[in-house]
Amino acid sequence: MDDQEPVYKRILLKLSGEALAGNQGFGIDPQVISGIAEEIREVIGLGVQVAVVIGGGNIFRGMAAAAGGMDRAGADYMGMLATIMNSLALQDALEQAGVPTRVQTAIEMREVAEPYIRRRAIRHLEKKRVVIFGGGTGNPYFTTDTAASLRAMEIDADVILKATKVDGVYSADPCKDKNAVKFDNLKYLDVLKKGLKVMDATATSLCMDNDLPIVVFQLSRPGNIKKVVLGEAIGTIVKGE
């Protein structure tokens, strides 16, 4: 497998906050985050440039808090801070694995991380550093999926790798419906029309407008990130006509 050439040169990996929590359901599981760091290290070893966007749902969910009566903008800002906590945790895990890493935040906090500067982010990637984008888009009402699409476009990534709990996109929730059918390939419009759980509509539309493919795959199987980068047919690929 190591003799294979990667099919993508620059990727944006989208991780959910829940992925970092592992089976405990909340917070950050050190073993899980170390495992993710090791997978990213392998991909860097193939010569691939890696950027990461992480959600914050393992610490705080803005939409859930807003549904409970909290001001939506304030709740979303709390969610953005949660993503920065996750970003710092992943940075530490990556650097312990020997991978130089930079965190850039959409909300300035210079004592903690660099502010998001597009050209600087690209320069880090060219120097084989992992760049983690924290703080979402920096604006309330936008999800971290939308932040992933936006940053992928800005850094001219070849693909978004969306890591999930299941092994692709299904017609229904496979955990609840045993008749759910898995899709190997989808078009952006199919995702939007059928309301499939890939990314939210804003994020999907951004990818569609800029013809950026999305690969949805299962994170919990070791080696899957590397398999996607090498072009193996796992998960579901979403692209244009």
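Glycine residues also receive a Cβ, built from the backbone N, Cα and C atoms like all the rest.
Check Swiss-Prot against the ranges 22-27, 124-129 and you find region 'Involved in allosteric activation by GTP' recorded for 22-27. With Gly56, Thr137, Gly138, Asn139, Pro140, Tyr141, Phe142, Thr143, Thr144 listed by Swiss-Prot as binding UMP, the candidate from Asp71, Asp76, Asp167 annotated for that site turns out to be Asp76. Site annotation (Swiss-Prot, ligand ATP) includes Lys14, Leu15, Ser16, Gly17, Gly57, Arg61, Tyr170, Asp173; from Thr146, Thr164, the additional listed residue is Thr164. Of the listed binding-site residues, namely Ser16, Thr137, Asn139, Thr143, Thr164, the sparsest CB environment within 10 A is found at Asn139.
When the region 'Involved in allosteric activation by GTP' (22-27) is classified with DSSP, helix, strand and coil residues number 3 helix, 0 strand, 3 coil.
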